[in-house]
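What follows is a set of notes on a single structure, which appears directly below.
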Amino acid sequence: MFVLSWFQTNYTHAQDLRHPEKYVQIYDLAYQHPYPKRWDVIDSIRSSTFTNLETKEGYLFRVAIVESAANRHHDEKAYLIAQLSKMDYLQRSSKVPYQAFEQWYNHCIAEADRINFDAIKGSFAFLYSANLRLNYQQDVLSLYYLNRAIAYFYVAKMISPYKKGLFFSGATRVFYQFDDFASAIQYGKEVEKYNIDKTEQFLTLDVVGMAYLKRRNYDSALVYFDKALHMFQAEFADEKTKQGWYGILTGNKAHVYKAIGQFDTAINYYKIGIEDTYKHKLWDNTCRFAVALADLYLTQNKVAEATKLIAVAKQTTQSQGNESDKYQLHQFLGKYYTRVGNMPLVIAHKDSTQYWASILEKRRGKNVQIQADLKLETERRQNAETTLNENIRQQKVNRVIAIVMVVLLTAVAFVLILRYQLLMKVKEKELKIQQQEAERKLLLEQEKAKQEQLVAQLKLDEFTNIIIAKNKQIELLLSENDDAQTTAGIQQLQNNTLLTEEQWLSFKALFEQVHTGYLQRLKEKIPGISPAEIRFMALAKLQLNTREMASSLGVSVNAVRNVWFRLRKKIDLPEDATWHDLANQI
(Lines of atoms letter the chains of each structure in order from A and count residues from 1; the text may use other names and numbers.)
(Lines give C-alpha, C1' and ligand atoms only; values in the text may rest on other atoms or scores of the structure.)
Protein backbone atom coordinates (compact mmCIF):
# COMPACT_ATOMS: atom_id res chain seq x y z
CA MET A 1 0.00 0.00 0.00
CA PHE A 2 3.03 2.31 -0.18
CA VAL A 3 2.05 3.48 -3.67
CA LEU A 4 -1.45 4.36 -2.49
CA SER A 5 -0.13 6.32 0.51
CA TRP A 6 2.35 8.20 -1.70
CA PHE A 7 -0.43 9.36 -4.01
CA GLN A 8 -2.62 10.35 -1.09
CA THR A 9 0.24 12.53 0.14
CA ASN A 10 1.39 14.04 -3.14
CA TYR A 11 -1.88 14.58 -5.02
CA THR A 12 -3.98 16.15 -2.32
CA HIS A 13 -3.94 19.71 -3.63
CA ALA A 14 -2.70 19.54 -7.20
CA GLN A 15 -5.32 17.67 -9.24
CA ASP A 16 -6.02 18.71 -12.81
CA LEU A 17 -9.71 17.84 -13.08
CA ARG A 18 -9.54 18.12 -16.87
CA HIS A 19 -7.09 15.25 -17.23
CA PRO A 20 -7.99 12.25 -15.04
CA GLU A 21 -5.82 10.05 -17.28
CA LYS A 22 -2.74 11.56 -15.60
CA TYR A 23 -3.48 9.65 -12.40
CA VAL A 24 -4.36 6.18 -13.69
CA GLN A 25 -1.16 4.66 -12.27
CA ILE A 26 -2.64 4.72 -8.77
CA TYR A 27 -4.81 1.79 -9.91
CA ASP A 28 -1.88 -0.35 -11.07
CA LEU A 29 -2.04 -2.05 -7.68
CA ALA A 30 -5.60 -3.22 -8.38
CA TYR A 31 -4.61 -4.77 -11.69
CA GLN A 32 -2.13 -7.02 -9.94
CA HIS A 33 -5.11 -9.00 -8.63
CA PRO A 34 -7.68 -11.14 -10.45
CA TYR A 35 -11.42 -10.75 -9.95
CA PRO A 36 -13.19 -10.56 -7.52
CA LYS A 37 -10.28 -9.13 -5.48
CA ARG A 38 -9.60 -6.50 -8.16
CA TRP A 39 -13.07 -5.03 -7.73
CA ASP A 40 -12.58 -4.65 -3.97
CA VAL A 41 -9.18 -2.97 -4.46
CA ILE A 42 -10.59 -0.57 -7.07
CA ASP A 43 -13.35 0.48 -4.66
CA SER A 44 -10.84 0.83 -1.84
CA ILE A 45 -8.52 3.08 -3.87
CA ARG A 46 -11.38 5.19 -5.21
CA SER A 47 -12.86 5.80 -1.77
CA SER A 48 -9.52 6.64 -0.11
CA THR A 49 -7.81 8.89 -2.68
CA PHE A 50 -8.53 12.55 -3.44
CA THR A 51 -10.92 12.67 -0.49
CA ASN A 52 -10.51 16.44 -0.41
CA LEU A 53 -12.56 16.62 -3.63
CA GLU A 54 -16.02 16.66 -2.07
CA THR A 55 -17.82 18.45 -4.92
CA LYS A 56 -19.81 16.74 -7.65
CA GLU A 57 -17.05 17.50 -10.15
CA GLY A 58 -14.45 16.10 -7.76
CA TYR A 59 -16.30 12.83 -7.27
CA LEU A 60 -16.87 12.40 -10.99
CA PHE A 61 -13.17 13.15 -11.49
CA ARG A 62 -12.33 10.24 -9.19
CA VAL A 63 -14.69 8.00 -11.17
CA ALA A 64 -13.16 9.23 -14.43
CA ILE A 65 -9.75 8.04 -13.22
CA VAL A 66 -11.24 4.55 -12.75
CA GLU A 67 -12.60 4.72 -16.32
CA SER A 68 -9.25 5.86 -17.71
CA ALA A 69 -7.43 3.09 -15.86
CA ALA A 70 -9.95 0.55 -17.20
CA ASN A 71 -9.34 1.79 -20.74
CA ARG A 72 -5.59 1.69 -20.23
CA HIS A 73 -5.75 -1.93 -19.07
CA HIS A 74 -8.49 -2.87 -21.59
CA ASP A 75 -10.70 -4.03 -18.72
CA GLU A 76 -14.40 -3.76 -19.62
CA LYS A 77 -15.42 -5.06 -16.20
CA ALA A 78 -13.59 -2.22 -14.46
CA TYR A 79 -15.31 0.24 -16.77
CA LEU A 80 -18.69 -1.12 -15.61
CA ILE A 81 -17.52 -0.76 -12.00
CA ALA A 82 -16.89 2.91 -12.72
CA GLN A 83 -20.39 3.21 -14.21
CA LEU A 84 -21.83 1.72 -11.02
CA SER A 85 -20.04 4.33 -8.89
CA LYS A 86 -21.06 7.15 -11.22
CA MET A 87 -24.69 6.02 -11.23
CA ASP A 88 -24.76 5.80 -7.44
CA TYR A 89 -23.31 9.28 -6.95
CA LEU A 90 -25.41 11.03 -9.60
CA GLN A 91 -28.60 9.59 -8.15
CA ARG A 92 -27.65 10.77 -4.66
CA SER A 93 -26.45 14.22 -5.74
CA SER A 94 -28.74 15.20 -8.61
CA LYS A 95 -31.76 13.23 -9.76
CA VAL A 96 -31.41 11.79 -13.26
CA PRO A 97 -34.62 11.76 -15.40
CA TYR A 98 -36.41 8.46 -14.90
CA GLN A 99 -36.35 7.37 -18.55
CA ALA A 100 -32.65 8.17 -18.87
CA PHE A 101 -31.90 6.30 -15.64
CA GLU A 102 -33.89 3.28 -16.83
CA GLN A 103 -32.04 3.24 -20.15
CA TRP A 104 -28.73 3.58 -18.33
CA TYR A 105 -29.56 0.63 -16.08
CA ASN A 106 -30.72 -1.59 -18.96
CA HIS A 107 -27.59 -0.71 -20.95
CA CYS A 108 -25.33 -1.64 -18.02
CA ILE A 109 -27.13 -4.97 -17.50
CA ALA A 110 -26.82 -5.72 -21.23
CA GLU A 111 -23.11 -4.88 -21.10
CA ALA A 112 -22.66 -7.13 -18.06
CA ASP A 113 -24.32 -9.97 -20.00
CA ARG A 114 -22.16 -9.26 -23.03
CA ILE A 115 -18.86 -9.46 -21.12
CA ASN A 116 -20.11 -12.24 -18.80
CA PHE A 117 -19.82 -10.11 -15.64
CA ASP A 118 -22.79 -11.52 -13.69
CA ALA A 119 -21.25 -10.48 -10.38
CA ILE A 120 -22.07 -6.80 -10.95
CA LYS A 121 -25.68 -7.26 -12.05
CA GLY A 122 -26.91 -7.60 -8.46
CA SER A 123 -25.26 -4.31 -7.48
CA PHE A 124 -26.84 -2.51 -10.43
CA ALA A 125 -30.26 -4.00 -9.65
CA PHE A 126 -30.00 -3.03 -5.95
CA LEU A 127 -28.98 0.53 -6.86
CA TYR A 128 -31.83 0.72 -9.36
CA SER A 129 -34.28 -0.58 -6.75
CA ALA A 130 -33.17 1.97 -4.14
CA ASN A 131 -33.54 4.88 -6.55
CA LEU A 132 -36.93 3.72 -7.78
CA ARG A 133 -38.12 4.00 -4.18
CA LEU A 134 -36.28 7.13 -3.05
CA ASN A 135 -36.30 9.29 -6.18
CA TYR A 136 -39.22 8.09 -8.28
CA GLN A 137 -41.73 6.71 -5.71
CA GLN A 138 -41.97 3.49 -7.71
CA ASP A 139 -42.38 1.21 -4.68
CA VAL A 140 -43.69 -1.84 -6.54
CA LEU A 141 -40.93 -1.76 -9.12
CA SER A 142 -38.44 -1.06 -6.34
CA LEU A 143 -39.34 -4.29 -4.56
CA TYR A 144 -39.39 -6.18 -7.85
CA TYR A 145 -35.84 -5.12 -8.69
CA LEU A 146 -34.74 -5.77 -5.11
CA ASN A 147 -35.85 -9.38 -5.58
CA ARG A 148 -34.05 -9.41 -8.93
CA ALA A 149 -30.92 -8.21 -7.16
CA ILE A 150 -31.26 -11.01 -4.61
CA ALA A 151 -31.56 -13.55 -7.43
CA TYR A 152 -28.45 -12.09 -9.10
CA PHE A 153 -26.43 -12.23 -5.87
CA TYR A 154 -27.42 -15.82 -5.14
CA VAL A 155 -26.22 -17.09 -8.52
CA ALA A 156 -23.17 -14.83 -8.86
CA LYS A 157 -19.93 -16.74 -8.42
CA MET A 158 -17.16 -14.22 -9.02
CA ILE A 159 -18.15 -11.79 -6.27
CA SER A 160 -16.49 -11.19 -2.92
CA PRO A 161 -18.26 -12.31 0.27
CA TYR A 162 -17.84 -8.75 1.56
CA LYS A 163 -20.03 -7.34 -1.21
CA LYS A 164 -22.63 -10.07 -0.72
CA GLY A 165 -22.80 -9.29 2.99
CA LEU A 166 -23.21 -5.56 2.36
CA PHE A 167 -25.98 -6.23 -0.13
CA PHE A 168 -27.96 -8.49 2.23
CA SER A 169 -27.55 -5.88 4.97
CA GLY A 170 -29.09 -3.22 2.74
CA ALA A 171 -31.86 -5.58 1.60
CA THR A 172 -32.74 -6.32 5.24
CA ARG A 173 -33.41 -2.65 6.01
CA VAL A 174 -35.45 -2.16 2.81
CA PHE A 175 -37.75 -5.10 3.56
CA TYR A 176 -38.22 -3.84 7.13
CA GLN A 177 -39.28 -0.42 5.82
CA PHE A 178 -41.93 -2.12 3.66
CA ASP A 179 -43.22 -4.07 6.71
CA ASP A 180 -42.00 -7.32 5.15
CA PHE A 181 -40.57 -8.53 8.44
CA ALA A 182 -40.21 -12.17 7.37
CA SER A 183 -37.92 -11.20 4.48
CA ALA A 184 -36.03 -8.79 6.74
CA ILE A 185 -35.32 -11.66 9.12
CA GLN A 186 -34.39 -14.06 6.30
CA TYR A 187 -31.81 -11.80 4.69
CA GLY A 188 -30.63 -10.33 7.99
CA LYS A 189 -29.57 -13.81 9.00
CA GLU A 190 -27.66 -14.11 5.71
CA VAL A 191 -25.51 -11.16 6.78
CA GLU A 192 -24.14 -13.19 9.72
CA LYS A 193 -22.37 -15.48 7.21
CA TYR A 194 -20.11 -12.69 5.96
CA ASN A 195 -17.34 -10.67 7.52
CA ILE A 196 -18.47 -7.16 6.64
CA ASP A 197 -18.15 -3.71 8.17
CA LYS A 198 -18.91 -3.85 11.92
CA THR A 199 -21.34 -0.96 11.72
CA GLU A 200 -23.37 -2.76 9.05
CA GLN A 201 -23.33 -5.94 11.15
CA PHE A 202 -24.54 -4.06 14.22
CA LEU A 203 -27.36 -2.24 12.41
CA THR A 204 -28.51 -5.48 10.79
CA LEU A 205 -28.67 -7.27 14.15
CA ASP A 206 -30.84 -4.46 15.52
CA VAL A 207 -33.18 -4.57 12.48
CA VAL A 208 -33.56 -8.36 12.75
CA GLY A 209 -34.35 -7.98 16.45
CA MET A 210 -37.01 -5.36 15.65
CA ALA A 211 -38.46 -7.58 12.90
CA TYR A 212 -38.81 -10.45 15.39
CA LEU A 213 -40.43 -8.00 17.83
CA LYS A 214 -42.95 -6.94 15.15
CA ARG A 215 -43.76 -10.60 14.53
CA ARG A 216 -44.09 -11.16 18.31
CA ASN A 217 -41.30 -13.68 18.37
CA TYR A 218 -39.96 -12.27 21.61
CA ASP A 219 -37.34 -14.88 22.42
CA SER A 220 -35.63 -14.42 19.06
CA ALA A 221 -35.91 -10.65 19.42
CA LEU A 222 -34.03 -10.80 22.74
CA VAL A 223 -31.38 -13.04 21.18
CA TYR A 224 -30.62 -10.50 18.44
CA PHE A 225 -30.76 -7.48 20.74
CA ASP A 226 -28.28 -9.24 23.05
CA LYS A 227 -26.03 -10.01 20.06
CA ALA A 228 -26.11 -6.35 19.14
CA LEU A 229 -25.33 -5.29 22.74
CA HIS A 230 -22.40 -7.67 22.85
CA MET A 231 -21.03 -6.22 19.59
CA PHE A 232 -21.55 -2.69 20.90
CA GLN A 233 -19.52 -3.41 24.01
CA ALA A 234 -16.76 -5.01 21.94
CA GLU A 235 -16.60 -2.55 19.04
CA PHE A 236 -18.29 0.80 19.73
CA ALA A 237 -18.35 1.52 23.47
CA ASP A 238 -15.45 3.96 23.16
CA GLU A 239 -16.73 5.77 20.05
CA LYS A 240 -18.47 8.99 21.06
CA THR A 241 -20.57 9.19 17.89
CA LYS A 242 -22.03 5.75 18.53
CA GLN A 243 -22.52 5.69 22.29
CA GLY A 244 -26.21 6.47 21.87
CA TRP A 245 -26.66 3.06 20.27
CA TYR A 246 -26.54 1.47 23.70
CA GLY A 247 -29.66 3.39 24.70
CA ILE A 248 -31.45 2.27 21.52
CA LEU A 249 -30.75 -1.39 22.22
CA THR A 250 -31.76 -1.23 25.90
CA GLY A 251 -34.98 0.57 24.96
CA ASN A 252 -35.73 -2.07 22.30
CA LYS A 253 -35.15 -4.81 24.87
CA ALA A 254 -37.57 -2.95 27.16
CA HIS A 255 -40.27 -3.32 24.46
CA VAL A 256 -39.75 -7.09 24.58
CA TYR A 257 -39.90 -7.31 28.36
CA LYS A 258 -43.05 -5.18 28.41
CA ALA A 259 -44.65 -7.48 25.82
CA ILE A 260 -43.88 -10.63 27.86
CA GLY A 261 -45.08 -9.06 31.14
CA GLN A 262 -41.73 -8.51 32.87
CA PHE A 263 -42.63 -4.94 33.75
CA ASP A 264 -39.95 -4.19 36.34
CA THR A 265 -37.19 -5.24 33.96
CA ALA A 266 -38.89 -3.29 31.20
CA ILE A 267 -39.03 -0.14 33.37
CA ASN A 268 -35.33 -0.34 34.17
CA TYR A 269 -34.40 -0.76 30.49
CA TYR A 270 -36.76 2.04 29.42
CA LYS A 271 -35.14 4.43 31.87
CA ILE A 272 -31.67 3.63 30.52
CA GLY A 273 -32.90 3.93 26.95
CA ILE A 274 -34.62 7.28 27.55
CA GLU A 275 -31.65 8.80 29.35
CA ASP A 276 -29.05 7.58 26.88
CA THR A 277 -30.90 8.44 23.66
CA TYR A 278 -32.00 11.83 24.97
CA LYS A 279 -28.43 12.70 25.93
CA HIS A 280 -27.18 11.82 22.43
CA LYS A 281 -30.17 13.52 20.74
CA LEU A 282 -31.54 10.33 19.25
CA TRP A 283 -34.99 11.66 20.03
CA ASP A 284 -36.89 9.52 17.52
CA ASN A 285 -36.04 6.63 19.85
CA THR A 286 -36.50 8.68 23.04
CA CYS A 287 -40.12 9.51 22.21
CA ARG A 288 -41.02 5.83 21.68
CA PHE A 289 -39.41 4.74 24.91
CA ALA A 290 -40.96 7.63 26.89
CA VAL A 291 -44.49 6.94 25.60
CA ALA A 292 -44.11 3.19 26.17
CA LEU A 293 -42.85 3.69 29.74
CA ALA A 294 -45.54 6.28 30.56
CA ASP A 295 -48.19 3.88 29.24
CA LEU A 296 -46.73 1.13 31.43
CA TYR A 297 -46.84 3.41 34.47
CA LEU A 298 -50.45 4.30 33.70
CA THR A 299 -51.31 0.60 33.49
CA GLN A 300 -49.79 0.20 36.98
CA ASN A 301 -51.78 3.22 38.24
CA LYS A 302 -48.57 5.22 38.71
CA VAL A 303 -50.11 8.39 37.33
CA ALA A 304 -47.51 10.67 38.88
CA GLU A 305 -44.68 8.72 37.27
CA ALA A 306 -46.48 8.80 33.95
CA THR A 307 -47.02 12.55 34.26
CA LYS A 308 -43.28 13.16 34.57
CA LEU A 309 -42.69 11.59 31.16
CA ILE A 310 -45.32 13.57 29.22
CA ALA A 311 -43.16 16.63 28.61
CA VAL A 312 -40.23 14.57 27.30
CA ALA A 313 -42.56 12.46 25.15
CA LYS A 314 -44.22 15.54 23.60
CA GLN A 315 -40.95 17.37 22.98
CA THR A 316 -39.10 14.46 21.36
CA THR A 317 -42.12 13.31 19.34
CA GLN A 318 -42.68 16.79 17.98
CA SER A 319 -38.97 17.08 17.16
CA GLN A 320 -38.16 13.73 15.53
CA GLY A 321 -41.16 11.46 15.84
CA ASN A 322 -42.72 9.76 12.85
CA GLU A 323 -46.38 9.01 12.13
CA SER A 324 -46.42 5.92 14.33
CA ASP A 325 -44.80 7.82 17.22
CA LYS A 326 -47.45 10.55 17.01
CA TYR A 327 -50.21 7.96 16.99
CA GLN A 328 -48.73 6.26 20.08
CA LEU A 329 -48.35 9.62 21.87
CA HIS A 330 -51.96 10.79 21.26
CA GLN A 331 -53.34 7.36 22.12
CA PHE A 332 -51.49 7.42 25.44
CA LEU A 333 -52.52 11.02 26.17
CA GLY A 334 -56.16 10.12 25.49
CA LYS A 335 -55.96 7.37 28.10
CA TYR A 336 -54.00 9.61 30.47
CA TYR A 337 -56.47 12.50 30.38
CA THR A 338 -59.34 10.04 30.75
CA ARG A 339 -57.69 8.84 33.94
CA VAL A 340 -57.19 12.37 35.31
CA GLY A 341 -60.66 13.51 34.17
CA ASN A 342 -59.80 16.21 31.60
CA MET A 343 -62.52 15.49 29.02
CA PRO A 344 -61.74 18.33 26.57
CA LEU A 345 -58.19 17.03 26.21
CA VAL A 346 -59.51 13.48 26.01
CA ILE A 347 -61.66 14.45 23.02
CA ALA A 348 -58.82 16.39 21.40
CA HIS A 349 -56.34 13.54 21.71
CA LYS A 350 -58.89 10.94 20.61
CA ASP A 351 -59.46 12.99 17.46
CA SER A 352 -55.69 13.18 16.91
CA THR A 353 -55.42 9.46 17.60
CA GLN A 354 -58.05 8.72 14.95
CA TYR A 355 -56.31 11.03 12.51
CA TRP A 356 -52.91 9.38 12.90
CA ALA A 357 -54.55 5.95 12.97
CA SER A 358 -56.06 6.68 9.56
CA ILE A 359 -52.65 7.79 8.30
CA LEU A 360 -51.04 4.59 9.55
CA GLU A 361 -53.88 2.51 8.16
CA LYS A 362 -53.34 4.09 4.78
CA ARG A 363 -49.63 3.34 5.03
CA ARG A 364 -50.30 -0.26 6.07
CA GLY A 365 -52.88 -0.53 3.32
CA LYS A 366 -50.38 0.92 0.90
CA ASN A 367 -47.78 -1.65 1.95
CA VAL A 368 -50.34 -4.44 1.59
CA GLN A 369 -51.28 -3.08 -1.82
CA ILE A 370 -47.61 -2.84 -2.73
CA GLN A 371 -47.15 -6.52 -1.85
CA ALA A 372 -50.21 -7.45 -3.91
CA ASP A 373 -49.07 -5.30 -6.81
CA LEU A 374 -45.59 -6.77 -6.46
CA LYS A 375 -47.04 -10.24 -6.84
CA LEU A 376 -48.95 -9.17 -9.94
CA GLU A 377 -45.93 -7.33 -11.34
CA THR A 378 -43.70 -10.32 -10.68
CA GLU A 379 -46.20 -12.64 -12.37
CA ARG A 380 -46.57 -10.23 -15.28
CA ARG A 381 -42.83 -9.95 -15.77
CA GLN A 382 -42.35 -13.69 -15.29
CA ASN A 383 -45.02 -14.32 -17.91
CA ALA A 384 -43.39 -11.77 -20.17
CA GLU A 385 -40.01 -13.37 -19.56
CA THR A 386 -41.48 -16.83 -20.16
CA THR A 387 -43.07 -15.56 -23.37
CA LEU A 388 -39.80 -13.94 -24.36
CA ASN A 389 -37.85 -17.11 -23.59
CA GLU A 390 -40.42 -19.15 -25.51
CA ASN A 391 -40.12 -16.74 -28.42
CA ILE A 392 -36.34 -16.98 -28.23
CA ARG A 393 -36.59 -20.78 -28.07
CA GLN A 394 -39.01 -20.77 -30.99
CA GLN A 395 -36.71 -18.43 -32.88
CA LYS A 396 -33.83 -20.83 -32.23
CA VAL A 397 -35.98 -23.74 -33.42
CA ASN A 398 -37.04 -21.72 -36.44
CA ARG A 399 -33.41 -20.80 -37.04
CA VAL A 400 -32.40 -24.48 -36.88
CA ILE A 401 -35.28 -25.39 -39.19
CA ALA A 402 -34.29 -22.58 -41.51
CA ILE A 403 -30.67 -23.74 -41.47
CA VAL A 404 -31.75 -27.33 -42.19
CA MET A 405 -34.02 -26.10 -44.97
CA VAL A 406 -31.23 -23.97 -46.38
CA VAL A 407 -28.86 -26.95 -46.23
CA LEU A 408 -31.45 -29.21 -47.87
CA LEU A 409 -32.30 -26.61 -50.49
CA THR A 410 -28.61 -26.02 -51.05
CA ALA A 411 -28.07 -29.76 -51.47
CA VAL A 412 -31.05 -30.02 -53.82
CA ALA A 413 -29.86 -26.97 -55.69
CA PHE A 414 -26.37 -28.46 -55.85
CA VAL A 415 -27.76 -31.73 -57.24
CA LEU A 416 -29.93 -29.83 -59.70
CA ILE A 417 -26.99 -27.68 -60.73
CA LEU A 418 -24.84 -30.79 -61.22
CA ARG A 419 -27.64 -32.42 -63.19
CA TYR A 420 -28.11 -29.25 -65.20
CA GLN A 421 -24.37 -29.03 -65.83
CA LEU A 422 -24.32 -32.67 -66.96
CA LEU A 423 -27.32 -32.06 -69.21
CA MET A 424 -25.69 -28.94 -70.55
CA LYS A 425 -22.50 -30.87 -71.23
CA VAL A 426 -24.53 -33.55 -73.04
CA LYS A 427 -26.41 -30.88 -74.95
CA GLU A 428 -23.20 -29.04 -75.70
CA LYS A 429 -21.72 -32.27 -76.96
CA GLU A 430 -24.82 -32.99 -79.04
CA LEU A 431 -24.84 -29.40 -80.26
CA LYS A 432 -21.17 -29.65 -81.12
CA ILE A 433 -21.86 -32.85 -83.06
CA GLN A 434 -24.81 -31.17 -84.77
CA GLN A 435 -22.68 -28.14 -85.55
CA GLN A 436 -19.94 -30.36 -86.90
CA GLU A 437 -22.51 -32.24 -88.96
CA ALA A 438 -24.01 -28.96 -90.15
CA GLU A 439 -20.56 -27.64 -90.98
CA ARG A 440 -19.83 -30.85 -92.82
CA LYS A 441 -23.10 -30.58 -94.73
CA LEU A 442 -22.45 -26.92 -95.37
CA LEU A 443 -19.01 -27.74 -96.70
CA LEU A 444 -20.53 -30.41 -98.89
CA GLU A 445 -23.22 -28.04 -100.07
CA GLN A 446 -20.66 -25.31 -100.62
CA GLU A 447 -18.48 -27.77 -102.47
CA LYS A 448 -21.47 -28.90 -104.47
CA ALA A 449 -22.43 -25.29 -105.16
CA LYS A 450 -18.86 -24.57 -106.23
CA GLN A 451 -18.97 -27.58 -108.50
CA GLU A 452 -22.33 -26.54 -109.90
CA GLN A 453 -21.11 -22.96 -110.26
CA LEU A 454 -17.97 -24.23 -111.98
CA VAL A 455 -20.06 -26.33 -114.34
CA ALA A 456 -22.33 -23.38 -115.01
CA GLN A 457 -19.31 -21.17 -115.59
CA LEU A 458 -17.92 -23.72 -118.02
CA LYS A 459 -21.21 -23.89 -119.86
CA LEU A 460 -21.41 -20.11 -120.00
CA ASP A 461 -17.83 -20.00 -121.21
CA GLU A 462 -18.74 -22.61 -123.79
CA PHE A 463 -21.71 -20.53 -124.86
CA THR A 464 -19.51 -17.46 -125.14
CA ASN A 465 -16.90 -19.36 -127.10
CA ILE A 466 -19.57 -20.61 -129.49
CA ILE A 467 -20.73 -17.06 -130.09
CA ILE A 468 -17.18 -15.90 -130.68
CA ALA A 469 -16.50 -18.84 -132.99
CA LYS A 470 -19.71 -18.19 -134.90
CA ASN A 471 -18.78 -14.57 -135.47
CA LYS A 472 -15.29 -15.53 -136.63
CA GLN A 473 -16.77 -18.05 -139.06
CA ILE A 474 -19.10 -15.43 -140.50
CA GLU A 475 -16.28 -12.95 -140.88
CA LEU A 476 -14.14 -15.62 -142.58
CA LEU A 477 -16.89 -16.56 -145.00
CA LEU A 478 -17.57 -12.96 -145.87
CA SER A 479 -13.90 -12.32 -146.61
CA GLU A 480 -13.46 -15.42 -148.81
CA ASN A 481 -16.69 -15.63 -150.78
CA ASP A 482 -19.08 -13.12 -152.19
CA ASP A 483 -21.29 -15.26 -154.47
CA ALA A 484 -24.98 -15.38 -153.93
CA GLN A 485 -25.01 -18.91 -152.60
CA THR A 486 -22.38 -18.13 -150.01
CA THR A 487 -24.16 -14.93 -149.05
CA ALA A 488 -27.35 -16.88 -148.50
CA GLY A 489 -25.47 -19.35 -146.27
CA ILE A 490 -23.97 -16.55 -144.24
CA GLN A 491 -27.39 -14.97 -143.86
CA GLN A 492 -28.74 -18.28 -142.62
CA LEU A 493 -25.87 -18.59 -140.15
CA GLN A 494 -26.49 -15.08 -138.81
CA ASN A 495 -30.21 -15.73 -138.40
CA ASN A 496 -29.58 -18.96 -136.52
CA THR A 497 -30.81 -17.92 -133.01
CA LEU A 498 -28.82 -19.59 -130.37
CA LEU A 499 -31.05 -18.47 -127.44
CA THR A 500 -34.50 -19.72 -128.12
CA GLU A 501 -37.16 -19.40 -125.41
CA GLU A 502 -36.44 -22.90 -124.21
CA GLN A 503 -32.69 -22.33 -124.32
CA TRP A 504 -33.08 -19.02 -122.46
CA LEU A 505 -34.55 -20.79 -119.47
CA SER A 506 -31.56 -23.15 -119.32
CA PHE A 507 -29.19 -20.27 -119.91
CA LYS A 508 -30.92 -18.22 -117.19
CA ALA A 509 -30.53 -21.03 -114.64
CA LEU A 510 -26.80 -21.32 -115.43
CA PHE A 511 -26.39 -17.56 -115.33
CA GLU A 512 -28.09 -17.29 -111.87
CA GLN A 513 -25.73 -19.91 -110.49
CA VAL A 514 -22.69 -17.95 -111.61
CA HIS A 515 -24.01 -14.43 -111.07
CA THR A 516 -26.36 -14.91 -108.13
CA GLY A 517 -28.96 -12.14 -107.69
CA TYR A 518 -27.83 -10.18 -110.75
CA LEU A 519 -31.13 -10.40 -112.63
CA GLN A 520 -33.15 -9.53 -109.47
CA ARG A 521 -30.98 -6.49 -108.76
CA LEU A 522 -31.38 -5.50 -112.41
CA LYS A 523 -35.17 -5.53 -112.11
CA GLU A 524 -34.99 -3.50 -108.87
CA LYS A 525 -32.64 -0.90 -110.41
CA ILE A 526 -34.65 -0.62 -113.67
CA PRO A 527 -38.30 -1.31 -112.74
CA GLY A 528 -39.64 -1.00 -116.32
CA ILE A 529 -37.01 -3.18 -118.01
CA SER A 530 -38.35 -5.53 -120.71
CA PRO A 531 -37.57 -9.27 -121.04
CA ALA A 532 -35.51 -8.57 -124.20
CA GLU A 533 -33.49 -5.91 -122.39
CA ILE A 534 -32.89 -8.36 -119.54
CA ARG A 535 -31.40 -10.85 -122.01
CA PHE A 536 -29.10 -8.20 -123.46
CA MET A 537 -27.97 -7.16 -119.95
CA ALA A 538 -27.24 -10.81 -119.12
CA LEU A 539 -25.05 -11.10 -122.22
CA ALA A 540 -23.37 -7.79 -121.35
CA LYS A 541 -22.46 -9.29 -117.94
CA LEU A 542 -20.65 -12.03 -119.89
CA GLN A 543 -18.58 -9.26 -121.52
CA LEU A 544 -20.02 -9.93 -125.02
CA ASN A 545 -19.77 -7.03 -127.45
CA THR A 546 -22.61 -5.73 -129.61
CA ARG A 547 -21.87 -8.07 -132.50
CA GLU A 548 -21.67 -11.10 -130.21
CA MET A 549 -24.96 -10.15 -128.56
CA ALA A 550 -26.59 -9.89 -131.96
CA SER A 551 -25.20 -13.30 -132.96
CA SER A 552 -26.38 -14.99 -129.77
CA LEU A 553 -29.90 -13.65 -130.15
CA GLY A 554 -30.06 -13.84 -133.93
CA VAL A 555 -30.68 -10.13 -134.50
CA SER A 556 -28.84 -7.42 -136.32
CA VAL A 557 -26.25 -5.17 -134.76
CA ASN A 558 -28.55 -2.22 -135.38
CA ALA A 559 -31.29 -3.95 -133.44
CA VAL A 560 -28.91 -4.31 -130.50
CA ARG A 561 -27.98 -0.64 -130.76
CA ASN A 562 -31.64 0.38 -130.85
CA VAL A 563 -32.35 -1.64 -127.70
CA TRP A 564 -29.40 0.01 -125.95
CA PHE A 565 -30.59 3.46 -127.05
CA ARG A 566 -34.05 2.88 -125.54
CA LEU A 567 -32.59 1.42 -122.35
CA ARG A 568 -30.13 4.30 -121.93
CA LYS A 569 -32.93 6.80 -122.32
CA LYS A 570 -35.08 4.87 -119.86
CA ILE A 571 -32.54 5.28 -117.05
CA ASP A 572 -31.00 8.52 -118.25
CA LEU A 573 -27.46 7.30 -118.91
CA PRO A 574 -24.88 9.49 -120.63
CA GLU A 575 -24.34 8.98 -124.38
CA ASP A 576 -20.87 7.50 -123.95
CA ALA A 577 -22.11 4.82 -121.55
CA THR A 578 -21.91 1.19 -122.70
CA TRP A 579 -23.63 -2.07 -121.97
CA HIS A 580 -20.68 -3.14 -119.87
CA ASP A 581 -20.68 0.08 -117.79
CA LEU A 582 -24.27 -0.55 -116.80
CA ALA A 583 -23.68 -4.26 -116.19
CA ASN A 584 -20.78 -3.52 -113.83
CA GLN A 585 -23.01 -1.17 -111.78
CA ILE A 586 -25.55 -3.86 -111.05
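Each residue, glycine too, has its Cβ placed from N, Cα and C.
Here TrEMBL flags 202-235 as repeat 'TPR'. A mean pLDDT of 95 is what the model gives for the repeat 'TPR' (202-235).
Look at TrEMBL and you will find 400-422 tagged as transmembrane segment.
Beyond the coiled coil (426-461), the same-chain residues lying 6 or more positions past its ends with a Cβ under 8 Å from any Cβ of the stretch are 507, 509-511, 513-514, 542. Here TrEMBL flags 426-461 as coiled coil.
Remote same-chain residues near the repeat 'TPR' (202-235) are listed as 168-169, 172-173, 176, 179, 181-182, 184-185, 188-189, 191, 242, 245-246, 248-250, 252-253, 255-256, 259-260 (criterion: CB distance under 8 Å, separation of at least six residues from the stretch ends).
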